[in-house]
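Enquirer: Please read through the structure below; I'll follow up with questions.
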Amino acid sequence: MPVERVVFALNGRRYEVAGADPSTRLLEFIRTQTPFKGTKLGCGEGGCGACVVLIAKYNPKTEEVTEFTASSCLTLLYSIHFCSIITTEGLGNTRDGFHAVQKRMSGFHASQCGFCTPGMCMSIFTSLVNADKSKGPKPPKGFSKLKVSEAEKAFSGNLCRCTGYRPIVDACKSFASDVDLEDLGLNIFWKRSDKNPDEIKSSHGHLNVDCIAASREGWYHPRSIKEYYDLINSSLWNDSIKVVVGNTSTGVPGYKDQDLYKNYIDIGGIPELSNIVKRESGIQIGAATTISRTIEILKQECESISSPNGSVVFMKLADHMSKVATPFVRNTASIGGNIILAQRRTFPSDIATILLGAGATVCLQVVAEFVQITLEEFLEQPPLDPTTLLLSIFIPHWVSDNQPETSLLFETYRAAARPLGNAVSYVNCAFLGHSSVDQQSDTLVLSKLRLAFGAYGTEHAIRAKKVEKFLTGKSLTASVVLTAIQLLRETIVPMDGISHREYRVSAAIGFLFSFLSPLAKDIPEPGKALTSGSADSADRDDVRNLPVSSRRETIPNDDYKPVGEPLKKYAVELQTSGEAVYVDDIPAPKNCLFGEFIYSTQALAFVKSIKFKSSLASEKIIDVVSAKDIPSGGENIGSTFTYGDEPLFGDPIAEYAGQALGVVIAETQRYADMAAKQVIIEYDTEDLGPPILTVEEAVEKSSYFEVPPDLYPKEVGDVSKGMSEADDRIPSTEVKLASEYYFYMETQTALAIPDEDNTMVVYSSSQYPELAQSVIARCLGIPFSNVRVITRRVGGGFGGKAFRSFQVATAAALCAYKLRRPVRMFLNRNTDMVMIGGRHPVKANYSVGFKSNGEITALHLELLINAGISPDASPLIPGTIISSVKKYNWGALSFDIKVCKTNNTSKSVMRAPGDTQGSLIADAVIEHVASVLSVDANSIRERNFHTYDSLQLYYPDSAGEASTYSLHSIFNRLISTSSYVDRAESIKQFNISNKWRKRGISCVPGIFRAEQRAAPGRVSVLNDGSIVVEVGGIELGQGLWTKVQQMTAFALGKLWPDGIEGLLERVRILQADTLNLIQGGLTAGSTTSESSCAATLQACNMLIDRLKPVSDKLQQQSKNVSWDTLIAQAIKENINLSASAYSVPGQDSSKYLNYGAGISEVEIDLLTGAITLLRGDLVYDCGKSLNPAVDLGQIEGSFIQGIGFFIYEEYITNSDGLMISNSTWDYKIPSVDIIPKKFNAEILNTGYHKNRVLSSKASGEPAVVLASSVHCALREAIRAARKEFANSNGSGSSPLEFQMDVPAPMTLVKELCGFDIVEKYLRSLSTYERSAEE
């Protein structure tokens, strides 16, 4: 029963592991004990998909192989005994050739930073394999049985922060047998590559290894109930022990392991827990059966049931379960484990609720006694201890009563942030009953009702028995439904401390209303249009299930080949195969130690002592490094910028919650992470005032950072004069924008290696290695020349790896310096979210004056910016906010801006910092004016667009020439190509016809001020003619290396005899190294690619000048001079074949404007607040794009990231300012199921721009601001809802005027539509009923 060794295959290699810690995860083993680094750690919760692998299990009894994806970050190593594992390297690699999936991902430009790509490849590949096992006609050669409609679901649990998902969907759809090739986006091929997806089936053999007898304790695998109880009753039970099946609960916040375990009991091998027993009365499913297998069983049972409506319960259970967690978690999580969590830990389980609604019972083994009780009784018992074993769950067959007029009803519902799952429910429900017609009243009557509700803030799912009793036997009318809902309000009472309490209750009411209203005679069905014949009268779920479609258009640029061509990303195949090396992929040096931060959970408090609990994890601590370990002559510095420093450690005062207090050192990263959880910090707040956590408190205490006069934005005109000229005014109106976390897929990471002579080599995932070098040197008190910082590539940055990365690199270096051993730090996702900060929260108040024709005459803004504890780059933010606000001609513009110092994590630059907030503020003003004037917002926008003269007034240093001002033509083009006018009219009709669904549309322009910075570059030609290029810019996924490679080929192509054929392959880009290429600068602001290209071009031209005379001489001897001949001759003549350049943009031409526009159309469900993005259209001016595929990817990705900020991502802190939405469970970035159903993007090559690098313009950040169109469209939809139900805020103001802050998730949408609209509506119908009776 104890297992000493685990034997498995990994990518075809046999592994036999003995003596491993039983708590070791599969991911940890793969990354630290094998050469395969493609499988990545993104969250440690099964919530992102970066760690997905394929597991194949062989069943010797049935001789069947089951293949499924799994989260290797949750899968325990000992649980894969006799399995075959495939990672992305096993699909394909540089040596064996790349797999079709990897080629498609590369060719469809579906990988940017590349950190999530290996997991994407594994999910897509497994979906293709499983699709091809299904019934149905054989697809044409080169295609799969996968359908286009299934493409999104193929990787629905995988997250990507870069691409916006659309190219990944296209890569997946390209395998579908029913794909329309015209519907696929930009790619390097249109036909299928040469390797069939199912060829991989032969690439993993199944091991025939004899079971090895074992005696080592640690991992126990009982084969019977008796063996399980023998273990429970043994002395083992007094020790640290955990009972597991899939171990997926360790990914759930609140249920994660808080300490290490010595012993594990894997009960998955007990036959009674895996048995499936089908009876006439129902189906019994073993408790260890996975959720995915349960879904399969239920679907198979549906097909075999002859009763016409008997299968409805099983089918709806299966459909609902497919929205629980992610596919790769459902593949290993057991149905019994889910229910046990719900019973023992108040886990908000969907499965417990829907099974309660379906009348499930459970079988238990309580020591020697076998017990069968209802699920309801089971949930109400005190939390189970391990002496009670859940054996199975029985789901009854529900069929209609024998009377022909009786119908069986069953529906399940969930309100969650994502439609396809990977989001815990705010509330879930399952309703079952029988309906029959009452002959006297000709109305439907319900009987045998089961109304189950869960996840709303309850200890466990419950039945609303008072409501069931009330409804039973009643004729369903509006007044009866109203009374039922009022009873439900009394029943559904969320616990104290639960978030969104009113929302949860209101959504539950909406679900009951949805269930009952189609059955009531006098209530129109919520999902149907009010007027028949409407083109949009589909069921409400249809629109959310539409597959993603797209159009991507570019106008090609052939002037500077290969620059301007949509070439695939440099080294992209290495990203798909997992061979691309990120910082944490560098093999750990000998004697390497690992660190994890200890951070404060209080703001503004003396740290009296730091101790650790007595625990197994605490025993793993090797050392704790803190401020006292900073060497003599060094500084307590963790970050710096022009405006000030930030300390590495809070000493002696923790100034904010999340501030580092020290670093725990252990032998593995997991031990360090777990040891840090054992910390006990004693605080003292005596003689310290309360912390400043809000901007209001900062104003009260005059706590500000100074903005240097040269950075403070310039006002325009005379606002008091403009106000006096106005026909109407809107007095001070507030809009608030919260923070946003970066959510790069690769968290902050560094590896520090001490070297000879008091030097240090630090590998850092950084956007600014040059400044990291100075911070590390200052901390250690050594010369800058003693610190070498190396960055090859970064797994996503978005500004978060700029100044915020220094702290991790410096901490690792300090630990390595003290211990004289290499130290690696790779922050776990929760720590990263708590400590690193994010976008600046802003509170804005605006006052605006305007004429009756919509012309705005004056705008005054008051802005409070929450900068957090240190200045960081915050003094820059007022300028960028106002720059974005200035996209409209306000007549006169004035502002009062305060950058507030608060006791919060420092806020820093994040993709389009300030511009993103400014764009929303500007459009909130425009929409408010349009609302007051009762006109279309677009008419107000266009009336207040800049002329070229006003543009020069508002942007005196960056307006450029009149010919470059393209916003008018872009806006007009977008309005035309998107059929905006027709769609706006059809939306009006839709909103008239639909009471419970509303749509909105909005068109937003964007002006983004970019600034090119100085940059170094070096181009060297080696003896064999190959070319190496070094630039200061860092490859973050934005395609910088790709553009530099293209620029090198273009420039040196003048001496290449065959055009550029074969030249690109000769160019290699090297990693950034601060001692090799100095003055590398900061990679940010979207202009580093063009700056690096400018430096590369200069260096290449220097080489051309040196080589041209040699070439001319050779050409006199022979017409065709090959490149290799030219280089060989140059070497003979001692020509310097390495050229360095430092490109400095002209003072008058470094700043310029980018233009774009976006239209978004949304639909909202008034009963739940659910948001569906129906369509997004973007047009963007790229100048002459250096690579249209790269630029399109940047534009789409930044737009989707902007949607996250404006709609979905809730940055929630507690009363101490500590971030508590610090996991993939609580913090929801956009996933594939929420991107626009139709997504069209177009980049315009607008011709010659004399001061730009080959006429190109920036693309990485500007499109973020266009995502405010989604927020504006949402406002329009909510306005239509409020008009329908005439909601006002109680102060007598118009229901059409309301404050809508950022973000605006479904909970806020529902609140603004009204928590009580169902009751209001039913009361109006009831009144009508009574008057009709009278």
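Cβ atoms are placed via backbone N, Cα and C, with glycine included.
In TrEMBL, annotation is done automatically, which means it is predicted and not curated.
Remember, predicted model here, so these are calculated numbers, not experimental data.
Residues or ranges marked as [2Fe-2S] cluster 1 binding site in TrEMBL: C43, C48, C51, C73. Taken from TrEMBL, the feature [2Fe-2S] cluster 2 binding site covers C113, C116, C160, C162. Taken from TrEMBL, the feature FAD binding site covers S334, I335, G336, G337, N338, D350, L390, R414. The compositional bias 'Basic and acidic residues' feature in TrEMBL is assigned to 537-559. Taken from TrEMBL, the feature domain '2Fe-2S ferredoxin-type' covers 4-91. If you look up TrEMBL, you'll see 212-400 marked as domain 'FAD-binding PCMH-type'.
Could you place these features in context, so I can see how deep they sit and what lies close by?
Expert: Sequence-distant neighbours of C73 ([2Fe-2S] cluster 1 binding site): residues of the same chain at least 6 apart with a C-beta under 8 Å from its C-beta are R25, L27, L41, G42, C43, G44, E45, G46, C51, G251.
Within 10 Å of the C-beta of C162 ([2Fe-2S] cluster 2 binding site) we count 29 further C-beta atoms, all protein chains included.
Non-local contacts of R414 (FAD binding site) by the CB criterion (under 8 A, 6+ apart in sequence, same chain) comprise H320, K323, D350, S425, V427, N428, C429, A455.
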Enquirer: Cα of S334 (FAD binding site) to Cα of C160 ([2Fe-2S] cluster 2 binding site): how many Å, rounded?
Expert: 27
Enquirer: Can you tell me the CA-to-CA distance separating L390 (FAD binding site) and C48 ([2Fe-2S] cluster 1 binding site), as a whole number of Å?
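Expert: It is 30 Å, counting Cα to Cα.
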Enquirer: Please determine which of the binding-site residues listed here (C48, C51, I335, L390) has the lowest count of neighbouring CB atoms within 10 Å.
Expert: L390
Enquirer: Nearest to G337 (FAD binding site) in three-dimensional space, by Cα, is which of the binding-site residues C48, C113, C162?
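Expert: Closest recorded candidate to G337 (FAD binding site) by Cα: C48.
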Enquirer: Which one is it, among the binding-site residues C48, C113, C116, C160, that lies nearest to N338 (FAD binding site) by Cα separation?
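Expert: Spatially nearest to N338 (FAD binding site) by Cα position is C48.
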Enquirer: Measuring C-alpha to C-alpha, could you say which of the binding-site residues C48, I335, G336 are within 10 Å of C116 ([2Fe-2S] cluster 2 binding site)?
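Expert: So far as Cα distances go, the binding-site residues lying within 10 Å of C116 ([2Fe-2S] cluster 2 binding site) are C48.
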Enquirer: Mind giving me a neighbour count for G337 (FAD binding site)? Other Cβ atoms within 10 Å of its Cβ, every protein chain shown.
Expert: 25
Enquirer: Between C162 ([2Fe-2S] cluster 2 binding site) and C48 ([2Fe-2S] cluster 1 binding site), what C-alpha distance do you get in Å?
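Expert: About 13 Å separates the two Cα atoms.
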Enquirer: Can you tell me how far the Cα of C160 ([2Fe-2S] cluster 2 binding site) sits from the Cα of C48 ([2Fe-2S] cluster 1 binding site), in Å?
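Expert: C160 ([2Fe-2S] cluster 2 binding site) and C48 ([2Fe-2S] cluster 1 binding site) have their Cα atoms 8 Å apart.
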Enquirer: From the DSSP assignment alone, can you count helix, strand and coil residues within the domain '2Fe-2S ferredoxin-type' (4-91)?
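Expert: Looking at the domain '2Fe-2S ferredoxin-type' (4-91) with DSSP, the answer is 16 helix, 34 strand, 38 coil.
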Enquirer: When the Cα-Cα distance from C113 ([2Fe-2S] cluster 2 binding site) is computed for each of the binding-site residues C48, I335, G336, which gives the smallest value?
Expert: C48
Enquirer: If you measure I335 (FAD binding site) to C48 ([2Fe-2S] cluster 1 binding site) at Cα, how many Å is it?
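Expert: Counting only the Cα atoms, the answer is 21 Å.
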